[in-house]
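Heads up: the structure comes next, in structure tokens.
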Amino acid sequence: MTAILERRESTSLWGRFCNWVTSTENRLYIGWFGVLMIPTLLTATSVFIIAFIAAPPVDIDGIREPVSGSLLYGNNIISGAIIPTSAAIGLHFYPIWEAASVDEWLYNGGPYELIVLHFLLGVRCYMGREWELSFRLGMRPWIAVAYSAPVAAATAVFLIYPIGQGSFSDGMPLGISGTFNFMIVFQAEHNILMHPFHMLGVAGVFGGSLFSAMHGSLVTSSLIRETTENESANEGYRFGQEEETYNIVAAHGYFGRLIFQYASFNNSRSLHFFLAAWPVIGIWFTSLGISTMAFNLNGFNFNQSVVDSQGRVINTWADIINRANLGMEVMHERNAHNFPLDLAAVEAPSTIG
């Protein structure tokens, strides 16, 4: 009898670390993207929580009128926010060591830049980690592609828009009321409701909700009975079972008769691709719209476009929206400038007799 002894090479510490990082057997997959994702998202989350609770007021407009955003300075969950970095800083990279003191850094809104830049890097790494895990499991890469839509939207409002406007102070505040303020000011300055890419985004989000509800209700209504009346229908499914849990033919027949035949998918794969692609493409377009409006390529302007035979303006909904935009623009940053840009651009009449 012959015994064969294998000599096992001792794995280095670095090799063991690499194997652990890339192992799909871990309870939570780390991955090389995760090595960067974990510290960046932890940093963004930690600073956000601390600043939301205790950050002092920030001179957002750069005019020595600080705006309070934290809970300890009089706000609640609804009104609180991380106030964007001061207009006095503009687009400058503003880490703590660039300020003369921590107090100055806080006064100029340094935490906003820190949170946003770490957050954007972190969510990109999360997207890369989705692709990495899919690759290692032999899956197709579409999960990461779908996640690129919210990543693009976050990038548009937190990075591209400030770059186009010339200051991080124009970025979206990190809070509920701050988000609404950002939306109102964006409409006032860029007429986003009249931009076709925003319209596509609305169709994507609301259409995606509708299709999700339609699909879920159709599947739930055409489950194959596996239980009695006294049991939950959910008990009729076992994780990993090979047979279908619902009758797609019945669902197809129902919906085809409810609308018309070709409104109903007869292929489960193309149906689920459609459910993923519709909202993703819509949000891509909205992100692209924000990114173009960042550089002042704004929504359609149909103001005073309808006149009668005497040249008198016949007001349309476009004119109503324009009046609302002017009102919103007058009210925001009211101490930073006396007139909205649209009014300030008009040449003043001569007062010389």
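The backbone N, Cα and C atoms fix where each Cβ goes, and this holds for glycine too.
These numbers come from a predicted model, not from an experiment.
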Quick check on the annotations: Swiss-Prot lists transmembrane segment for one of 70-85, 102-117, 118-133. Which range is it?
118-133
Check the transmembrane segment (118-133) against each of 29-46, 142-156, 197-218, 274-288 and return whichever range has the most CB pairs under 8 Å.
29-46
Give me the CA-CA distance between Glu333 ([CaMn4O5] cluster binding site) and His215 (Fe cation binding site), in Å, as a whole number.
45
Determine which residues of this chain, when His215, Ser264, Phe265 are set aside, have a Cβ within 8 Å of the centroid of the quinone site's Cβ atoms, and list them as they appear in the sequence.
Met214, Leu218, Ala251, His252, Phe255, Leu271
Out of Asp170, His198, Ser264, which of these binding-site residues is nearest His215 (Fe cation binding site) by C-alpha distance?
Ser264
